Amino acid sequence: MTELRQRGATEKELQHQSSEDKGSETEGRSEREGASDNEAKSDSGIPEVPVSADDTPEVLNKALSGLSSRWKNWWVRGILTLAMISFFFFIIYLGPMVLMMIVLCVQIKCFHEIITIGYSVYHSYDLPWFRTLSWYFLLCVNYFFYGETVTDYFFALVQREDSLRILSKYHRFISFALYLTGFCMFVLSLVKKHYRLQFYMFGWTHVTLLIVVTQSHLIIHNLFEGMIWFIVPISCVICNDIMAYMFGFFFGRTPLIKLSPKKTWEGFIGGFFATVVFGILLSYVMAGYRCFVCPVEFNNDSNRFTVDCEPSELFQLQDYSLPSVLHSVTGWTTVKLYPFQIHSIALSAFASIMGPFGGFFASGFKRAFKIKDFANTIPGHGGIMDRFDCQYLMATFVNVYIASFIRGPNPTKVIQQLLALRPDQQLHIFNSLKAHLTEKGLLPALEAAA
C-alpha cells in the first residue's frame, strides 16, 4: 500500500511537471509567435515607395517590341539620351539667362522628387502644414541665395534703384526673418502623436535643401565665371555616364560596387579614359570663342548681360614642351595648347573618378527605401534627380577649384564697391592708396610717364 501511494504520488508529480512543461512550451511558443508577429509588423512597417509604372512612349514600345528587355532598355536610353543632349545644346544657344532659369527649374523638380519620397516613406500626408512648410523653406533658401547672387553680380543695378538698394542692405536680415517665421510655424504645428515623425521630416527637408539648393546655387556661380566652366564639367559628367554605360554594356564582366550591381570595372576604367580625352578636345574647341570664356557680366549702360572681354592667358594658345617619350613617338618637340586644357584634365578626372560616387550615394539612398528610381519622369532614365546625382557633386568641386586655383582679385567689383561709398570715405581711400603707391615708388613713375 505504501508503495502504491508513493507510486501514485510520483505519477501525479510527473503529470504536474509535464503539464508545467507543456505550459512553458506553450508560453515559449506564444512568445516566439508574438516576437515573429512583432518582427513581421516591424518589417511591414518599413515604408516602401510605390513602384512607378513603365511610361515608355507607346511608339518606342511598338518599334522595339521584338527586342529583349536588355536591348530594348539600351535603345530607349540611347534615344532619350540623344534627345536630352540636343535639348542641352539648344538651351546653351539661348544664352546664360535661360541656362539659369533651367537650373532653377531642375532644382525645383529634384526637390519635389526627394520630398515626395519622404512623404511616401513616412506617410506624412496627414501631418499638419508639412507640405506647405517644405515649399516655404525652399522659397526662403532660394530668396537668400539668389539675393546674394543679385547683390554680387548686379551691384551697379542694385545701387541705382532705391528699392533694390534697401532690399540689398537688409537682405540677410529679411532672409533670417523669413526662415524664423517658418521655424515658428513648424513648432506650432507639432502634434503630440506625431512628434518623432514631424522631426524626421523637418530633418529630411533641410538635408534636401542642403543637397539640392546649395549645389544649384554653385552651378549658377560657375556659370557667371564663364560658360565654359558650366558646359565642360557638365559635359564631362554626361560623357562619363554614357561611356561607362557603353563599356560596361559591351565589355563589363567584373562588378565594381555592391551598391550598384550593374556598374563594372571595365565601364569605370573605359569611362575614365574616354572622358579625359573628351574633356581635352571639348576644351580646345570652346577656348577659342569669347562667348564661352568671358565672364557673364551685367552692363550698366545697356541694362543687359554681356559676354565680351579680352580672353585671359588661361584661354590663349601657348607652347608646351613634350616629354622625351612622346617626342620619340610623335617627332614633335612642342605642342600648342590652351592652359585651360590642363585644367580640363583635372575636371574630367574628377568627373570620372569621384563623380560616380554621387551616383553610388543615390543608389544607396534608393536601396535604403526600396525604390528603383527617384521618379519616372524620363523613360529608361528615371527621374531628374537620377540624371543629376553626379552633377551636384561636380558643381561643388568646380566652384572650389575656381576659388582655389583660378579666381583672383576682381578690380571691377572693387571699383563698384568704392563708388558706393560716401565721398569722404572715397577721399580717404584715395589718399591712403596714393601714399601707398608713393611709398612703393610707383606713383612718380606713373606721373613721369603721363
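Cβ atoms are placed via backbone N, Cα and C, with glycine included.
Automated prediction, rather than curation, is the source of TrEMBL annotations.
What TrEMBL lists as compositional bias 'Basic and acidic residues' is 1-42.
Annotated region 'Disordered' per TrEMBL: 1-53, in sequence order.
Sequence annotations record features per position, and here TrEMBL assigns transmembrane segment to 74-93 (among others).
Residues or ranges marked as transmembrane segment by TrEMBL: 99-122 (among others). Outside the transmembrane segment (99-122) by six or more residues, the chain places 47, 49-50, 91-92, 131, 134, 138, 142, 197, 200-201, 204-205, 208-209, 211-213, 216, 219-220, 223, 227, 230, 369, 371, 374-375, 377, 383-385, 388 with a CB less than 8 A from a CB of the stretch.
Summarising the annotation, TrEMBL assigns transmembrane segment to 134-158 (among others).
The transmembrane segment annotation in TrEMBL covers 170-191 (among others). A Cβ distance under 8 Å defines the sequence-distant neighbours of the transmembrane segment (170-191), meaning residues of its chain 6+ beyond its ends; these are 127-130, 133, 136-137, 139-141, 143-144, 147-148, 151, 198, 202.
Within the same chain, residues 100, 103-104, 106-107, 110-111, 114-115, 118, 122, 124, 127, 130, 133-134, 137-138, 141-142, 145-146, 149, 186, 189-191, 230, 391-393, 395-396, 398-399 sit at least 6 positions outside the transmembrane segment (198-220) and bring their C-beta atoms closer than 8 Å to a C-beta of that stretch. Summarising the annotation, TrEMBL assigns transmembrane segment to 198-220 (among others).
Positions annotated as transmembrane segment by TrEMBL: 226-252 (among others). If you look at the transmembrane segment (226-252), the same-chain residues 6 or more away from its ends with a CB under 8 A from one of its CBs are 74, 77, 81, 85, 88, 92, 96, 99, 219, 262-272, 274-275, 278-279, 282-283, 286-287, 291-296, 307, 315, 340, 344, 347-348, 351-352, 355-356, 390-391, 394-395, 397-398, 402.
Per TrEMBL, transmembrane segment is recorded for 264-287 (among others).
Residues annotated as transmembrane segment in TrEMBL: 340-362 (among others).
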